[in-house]
Amino acid sequence: MSPLWGSRTHEEPDTEGEHGENEGTARGRRRDEPTERSRLLPREGYLDPDDPAVSPYNLWSVRALRSLTIVLLIINLIWWVLLLVSIFVSPPGMNNRGSGFFDFSFTTLTMGNLLIALIFFSVPSRPMVIWGAVLSLFLAVNLFIIVGVPRLRVEEGWVGIASVTWATVIILYLLAQTRFVAWGKREEEERLTGREETRRPLREWLAVLIETIVTTITALVAILLMATLILRAKDASLPAPGKKYYVDNDKYQVHLDCVGLTPSSTAGNRSATVLLEGGEMPVEDSFRSWVHEAYRNGSIDRYCYWDRPGMGWSDNAPSPHSAGMSADILSETLALANEEGPWVIVSAGVGGIYSRIFASRHAHDVKGLMLIDAWHEDMLQELGNPGRGFMLWLRGIFSPLGLDRLAGAIFKGRNREDRVYGKRAYQNGKFIKAKLQENLVADSTTKSEISSARNIQSPSMRLVIVSSGIEMRKSQKWADKQKDLTNITDNLVAWDVVKGAPHEVWRTDDGKALLEDKLKQLVKL
């Protein structure tokens, strides 16, 4: 009995288990039956996250975005080359009354941003978004400063405004591009790997590190550009003595100031007006000081001085610009100011080249010429040295960063006067551009102009030569050329060598006293 009943007991659960199993199998079969949501092709396995096929480039929209970025880079490169050329030769309609280095800097910054965006296109990162937003903010501030400050707006012109606007728009575009590529990368990871990948391989971490460093540097560059623009805006508030005149068909302005009564109002006294031509630095730096003392002492009745293009308060001229062109601009400026002379020209250093050309072209109006340790035409090869020109260009390219000007203003208390016409004027972008223009044509166009000026120079013009004792001892060639300058006319009044005086002879008491005495003698003859 027991075995029989026991077997029945064991059989019943088996039957029930088989029945349940059959029902489960049937339900599974129904679940596996195709519906309208079933894939037509069998599902393959997910890819490894490191598989090269897992890429945002799979999306045509991402590929199209990259192609657009390449097109923008090409456009930026063309504009960059055009701005580079305009530093040396100004295309029609693209003359900058400022230095032209700022618009070149903004375009260079934009090209760097585009290159970084292309190199690390498929590796978007949060630091890139953050620093891109910071950069866009500061570029927008730069744009507002240039457009909002009248003087900066005039100096930068449409070229500068277009360049900074382009830079701002491009960084906003790159910011949106980074976000879009990050979305595409996430979509492809979810589609091909089943989830968004949160880890990065070492290669991507290195890419993120590099792009973070580069974008940080570009943001710092934008901050420095902004600080320099603020400094320029402050300098623009310094009023210019005298008046500024539009010249060369209203392309730019130059500064001229005259001190004293005009000859017609001095009760018949027709003494000549002294016309100053500065040397290596703006005439207001120190050169004007001893002449003004001579005026206050009654040694002269009147004097005028001007800033050559790019110096002091004058705008930069279109490139190229030679000494003869400056002499013509001076003639036009004097005519606009109704200044007729007669003139006694006083010049120093390289200004001697400019004044000799002007004197040769106005022989009937110029009664005397005073050269203070002036450059000889045979020394123009040194002035036009290619190495010196390259260093000037390099200084100009970095001048918008304003590292020296900002340091001087913050730590040394340099003021507007120092930067516009004083001892730190050489840090100004306009000044550097003027010196670069001077260098580019010194040994060609300017040398030809001064050679012609020597041939047509009036032999009866009164001439005074004052030389630096230090420079004469330092270089025998310089001493020989100073002696040769005494022969440019047949009417040499005096040639004096001031012992112990530097190139700027008026900086010593003996030099200042001698210069005033010789100037008085030259004017009263």
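Just so you know, glycine gets a Cβ as well, placed from its N, Cα and C.
Per TrEMBL, the feature region 'Disordered' maps to 1-47.
Per TrEMBL, the feature compositional bias 'Basic and acidic residues' maps to 8-46.
The annotation transmembrane segment is assigned in TrEMBL to 68-89 (among others). Packing against the transmembrane segment (68-89) from elsewhere in the chain are residues 96, 100-101, 103-104, 107-108, 110-111, 114-115, 117-118, 121, 159, 163, 166, 170, 173-174, 177, 319-320, 393, 396, 433, 436, 440: each is 6 or more residues past its ends and has a CB under 8 Å from a CB in it.
Residues annotated as transmembrane segment in TrEMBL: 101-121 (among others).
Under 8 Å from some Cβ of the transmembrane segment (128-152) lie the Cβ atoms of residues 98, 106, 113, 120, 160-161, 164-165, 167-168, 171-172, 174-175, 178-179, 208, 211-212, 215-216, 218-219, 222-223, 225-226, 229-230, 232-233, 236, all in the same chain and six or more residues away from its ends. For 128-152 (among others), the entry in TrEMBL reads transmembrane segment.
Per TrEMBL, the feature transmembrane segment maps to 158-176 (among others). Remote same-chain partners of the transmembrane segment (158-176), defined as residues 6 or more beyond its termini with a Cβ less than 8 Å from a stretch Cβ, comprise 69, 72, 76, 79, 83, 86, 94, 96, 98, 100, 102-104, 106-107, 109-110, 113-114, 117, 129, 132-133, 135-136, 139-140, 142-143, 146-147.
According to TrEMBL, the feature transmembrane segment maps to 205-231 (among others).
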